[in-house]
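Trainee: When I checked TrEMBL for this same protein, it listed these features:
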- 215-404: domain 'Major facilitator superfamily (MFS) profile' (DOMAIN)
- 28-48: transmembrane segment (TRANSMEM)
- 55-77: transmembrane segment (TRANSMEM)
- 89-112: transmembrane segment (TRANSMEM)
- 124-144: transmembrane segment (TRANSMEM)
- 218-240: transmembrane segment (TRANSMEM)
- 252-270: transmembrane segment (TRANSMEM)
- 282-301: transmembrane segment (TRANSMEM)
- 346-366: transmembrane segment (TRANSMEM)
- 372-392: transmembrane segment (TRANSMEM)
């Protein structure tokens, strides 16, 4: 996770510093990393339900490490790296990230009892927060001391280390194969016949379940709306800090790491918030808090405003994530968790490239600051899906009927 935070900062700064990328180009760069979710998501879900999770993670990590390493190598040999190279690397890294993302999400409920899913998600988010605390300032220091492309070497090393440790991870079930036994007849027929039509049927099974389960559908559409406008916001954010506020890489890494303060606080208070407010209301309030936090950055400007903005936004984001992810596990059969995660990721992150491109285009025509503000305001629309759904009246996911 720490290595990922480094690339999150280093990749756009490579485009900005070496290629003088504008807002539209940074939007395209972000979109390239999200497009694979739309193209591959459903098929990866079927793969995750039928192949060893450990092997999938190891293979995907190696692909990410290989593609990221080409960026500093290109700068070393040629003295520069083209935007086309960055777009290509971002797309291939994104394709591998689809596998790691969906695999990891499906691995957790396979090894954690369902009564501990919310707690497990909270611990995972705390781990991510710790990575932000370390990774973002480290990224800023590496970029300032060496360069943005060279900083990515740290991520490559982290990925190789993670891959080397994966064989030693012990689980309560055998990854992938244990999920195959209760799989539906559609998936079994797909393996038997190998026909494209039946493979497609298996791949979209998760989408069909999602669309016919109102609470899950509402949570997914809310997340998709939130991420769509957050992607528009993210496409401009680093460019705003670097170009409009003229912050150095060290300061960018430092102020963005304030997100971890809000993230840790949100993770620690998420359980209390849900007990006080109930699941539906805590989801809505968390979305609104995230939107308000995002608004503060373009409204107030300055380094302190950026830090406060990031902290408040990620406080809300963390509470929302901790409670929305277990909903899918509570309401869906274990045999199709991979396909459910794939369907959700395909919709949510499949729309993200459009949000990133829209944000970049708005930054070009409306200005970066105004576009950031508009994206932040529109993030709040995500709460509408929850208010108009059965989730609004739900106190806790455990009260929903768990599938057999």
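From the backbone N, Cα and C atoms, a Cβ is placed for every residue, glycine too.
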Trainee: Pairs 6 or more apart in sequence, C-beta under 8 angstroms, 3 or more of them: is that satisfied by the transmembrane segment (252-270) and the transmembrane segment (124-144)?
Mentor: yes
Trainee: Take the C-beta pairs under 8 A between the transmembrane segment (218-240) and each of 28-48, 124-144, 282-301. Which stretch has the highest count?
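Mentor: Between the candidates 28-48, 124-144, 282-301, the best contact partner of the transmembrane segment (218-240) is 282-301.
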Trainee: In the same chain, which residue numbers or ranges, 6 or more beyond the ends of the transmembrane segment (372-392), come under 8 angstroms Cβ to Cβ?
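Mentor: Cβ under 8 Å, 6 or more out: 214-215, 217-219, 221-223, 225-226, 229-230, 232-233, 236-237, 240, 279-281, 283-284, 287-288, 290-292, 294-295, 297-299, 327, 359, 362, 366.
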Trainee: When the pLDDT values for the domain 'Major facilitator superfamily (MFS) profile' (215-404) are averaged, what is the result?
Mentor: 89
Trainee: Check for me, if you would, whether the transmembrane segment (89-112) reaches the transmembrane segment (282-301) - at least 3 Cβ pairs under 8 Å, residues 6 or more apart in sequence.
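Mentor: No, the transmembrane segment (89-112) and the transmembrane segment (282-301) are not in contact.
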